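Below is one structure, written out as structure tokens, with a few remarks after it.
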Amino acid sequence: MTKYGSFPGARPRRLRTTPAMRRMVAEYRLHPADLILPAFVREGIGEPAPISAMPGVVQHTRDTLRKAAVEAVEAGVAGIMLFGVPLDEKKDAAGTAGTDPDGILQVAIRDVRAEVGDDLVIMSDLCLDEYTDHGHCGVLDAEGRVDNDATLERYAEMAQVQADAGVHVVGPSGMMDGQVGVVRDALDQTGHEDVSILAYTAKYSSAFYGPFREAVGSSLKGDRKTYQQDAANLRESLRELALDLEEGADMVMVKPALPYLDVLARIADEADVPVAAYQISGEYAMVEAAAEKGWIDRDKAILEALTGIKRAGADMILTYWATEVARGLK
Ligand code: PBG
């Protein structure tokens, strides 16, 4: 007995006594192979261009993108997700540069594939927003609304040119209804039955995408609320999951990560395919900005956020810190 009552019968603190003990009993571990590096490549620049809202991230030139891919392989990163940034004058209403076999994304896919072959899983964003002059993820109808089915035809063409360029995985991110099914058909009909689909299953309309819009030079005015999901809905993402699986998704993704860990946990429970989470630009920017001000410990905050995403159920995490973190884990 202590002076004030009985001694505790259980002492969970015993397993927290030393770093070695804590490491041994860790339930979740980050591994370099969990990580996927999103990367931007911009047409027509001689030097990598910094992205002011994402300190440490750049719009790559074709050359520096190749280098970044090699560094990712050396660090043990699993994959790279490529985003193309075309010349401004190549943007048009239909997003033509997105289906040009010599468009910047297709060129970048070929470059990276030639450089690292199959040592890295090469993925590509399959969406029109980087290529349209109005900035929407699809084409517009006469009233200026995003036309779901006309957009699907464009996505089918994108799938084919990206697969022709040598991508391993396409990531349809536009949140059009039926996009996974159409992309699967397009791939199968063009001899690309081995190319996988990482479906953006639960993609929420998010203020945290802000820095990405700078990263891809998006010309969007307004928002994407008629196609991206509303933050208020959880059940809806389970319906999106069922549809994506039915349409042939090989892997599914939740995005953003940190404000939607409950959605991630539910999807990870329900899905019988690998589940990815995208730690997006705003999640990156918040940590970098607070760290720059000396308000948080940057490295610890990064690992804590990534561990939380893993604990919530992610098998893979897209993160702009992928190479740095993978190096640290090695
Ligand atoms: C759409 C797309 C977006 C992101 C990835 N794919 C932007 C959007 O939907 O507005 C955001 C990624 C990030 O914020 O890091 N092509």
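Here the Cβ of each residue, glycine as well, is placed from N, Cα and C on the backbone.
Remember, TrEMBL labels are computer predictions, not curated facts.
Feature annotations, reproduced from TrEMBL:
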type: ACT_SITE; residues: Lys203; note: active site, schiff-base intermediate with substrate
type: BINDING; residues: Arg213, Arg224; note: 5-aminolevulinate 1 binding site
type: BINDING; residues: Glu240; note: Mg(2+) binding site
type: ACT_SITE; residues: Lys255; note: active site, schiff-base intermediate with substrate
type: BINDING; residues: Ser281, Tyr320; note: 5-aminolevulinate 2 binding site
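TrEMBL feature annotations superimposed on the structure.
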residue: Lys203; record: active site, schiff-base intermediate with substrate; DSSP class: strand
residue: Arg213; record: 5-aminolevulinate 1 binding site; DSSP class: helix
residue: Arg224; record: 5-aminolevulinate 1 binding site; DSSP class: coil
residue: Glu240; record: Mg(2+) binding site; DSSP class: helix
residue: Lys255; record: active site, schiff-base intermediate with substrate; DSSP class: strand
residue: Ser281; record: 5-aminolevulinate 2 binding site; DSSP class: helix
residue: Tyr320; record: 5-aminolevulinate 2 binding site; DSSP class: coil
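Just so you know, the Cβ of Arg213 (5-aminolevulinate 1 binding site) picks up 15 other Cβ atoms within 10 Å once every protein chain is counted.
Cβ environment of the residue listed as 'Mg(2+) binding site': Thr201, Ala202, Gln229 lie under 8 Å away, each six or more residues apart in the same chain. Contact annotation for recorded positions (Lys203, Lys255, Ser281, Tyr320) versus ligand 1: Ser281, each with CB under 6 Å from a ligand atom. For the recorded positions Lys203, Ser281, Tyr320, a Cα-Cα cutoff of 10 angstroms around Arg213 (5-aminolevulinate 1 binding site) retains Ser281. Listed in sequence order, the residues of the same chain lying 6 or more apart from Tyr320 (5-aminolevulinate 2 binding site) and placing their CB within less than 8 Å of its CB are Leu37, Pro38, Met54, Gly56, Val57, Gln279, Ser281, Tyr284.
For Arg224 (5-aminolevulinate 1 binding site), the same-chain residues that are 6 or more apart in sequence and have a Cβ closer than 8 Å to its Cβ are His136, Cys137, Met175, Ser205.
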